[in-house]
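Chemist: Look at Swiss-Prot and you will find HIS2 tagged as Ni(2+) binding site. Residues annotated as Zn(2+) binding site in Swiss-Prot, with sequence analysis given as evidence: CYS73, CYS76, CYS109, CYS112.
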Amino acid sequence: MHELSVAQSVLETVLDVARKRGAERVLSVRLRIGEFTLLNPEQLRFCLEVLAEGTPVEGAKFEIEIERGYFKCAECGHRWRPEDESLKDPSLHTAFDLSELTELLDLKCPKCGSRAVKLDGGDACSIESVRLEVPGEQHAQG
């Protein structure tokens with residue numbers, strides 16, 4: 001379960017932002033996770049909530065937005081969405097490197113048939129915003 005390690009990294013970053021801004025507590029954290037990261041949003045939220053206990057992040061609202069991903073052919077430039085069902089294949093969850101995903105799915109470009117297929121978006125996890133309670137300020141954005 002890589003949700004735990006991602007949650008730890010997110011929490012460390014959020015705590016660092018809160019500390020630098022002199023925040024008493026964190027009110028909310030908005031994350032964007034790509035669907036190709038194969039992160040489970042519910043598991044990620046659970047890990048964040050458990051790890052946040054006893055910190056200024058405890059009680060914060062975790063908003064998680066899913067970024068859709070696409071495939072792009074390196075030969076002809078065609079860009080397309082995968083079938084949503086193909087992303088539910090349990091064997092995909094063994095991919096540790098996102099570049100393996102195109103191989104596991106045995107992808108071919110639907111336009112030209114090339115196997116030179118790359119991910120185009122949906123492969124990252126980012127902190128979009130952090131809402132803080134800072135003494136003397138009205139709900140600062142981090």
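Backbone N, Cα and C define each Cβ position, glycine as well.
From a predicted model like this one, the values you see are computed outputs, not experimental measurements.
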Chemist: What is the total of other Cβ atoms whose distance to the Cβ of CYS76 (Zn(2+) binding site) is within 10 Å?
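Modeler: CYS76 (Zn(2+) binding site) is surrounded by 13 other Cβ atoms within 10 Å.
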Chemist: Excluding near sequence neighbours, so keeping only residues 6 or more apart in the same chain, what lies with its CB under 8 A of CYS112 (Zn(2+) binding site)?
Modeler: CYS73, GLU75, CYS76, HIS78
Chemist: From the centroid of the CB atoms of CYS73, CYS76, CYS109, CYS112, the recorded Zn(2+) site, which same-chain residues not already listed sit within 8 A by their CB, in sequence order?
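Modeler: Along the chain, the qualifying residues are ALA74, GLU75, GLY77, HIS78, PRO110, LYS111, GLY113, SER114, ALA116.
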Chemist: Could you list the residues of the same chain, at least six apart in sequence, whose Cβ is under 8 A from the Cβ of CYS109 (Zn(2+) binding site)?
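Modeler: In sequence order, the residues whose Cβ lies under 8 Å from that of CYS109 (Zn(2+) binding site) (at least 6 apart) are CYS73, GLU75, CYS76, HIS78, ARG115, ALA116, VAL117.
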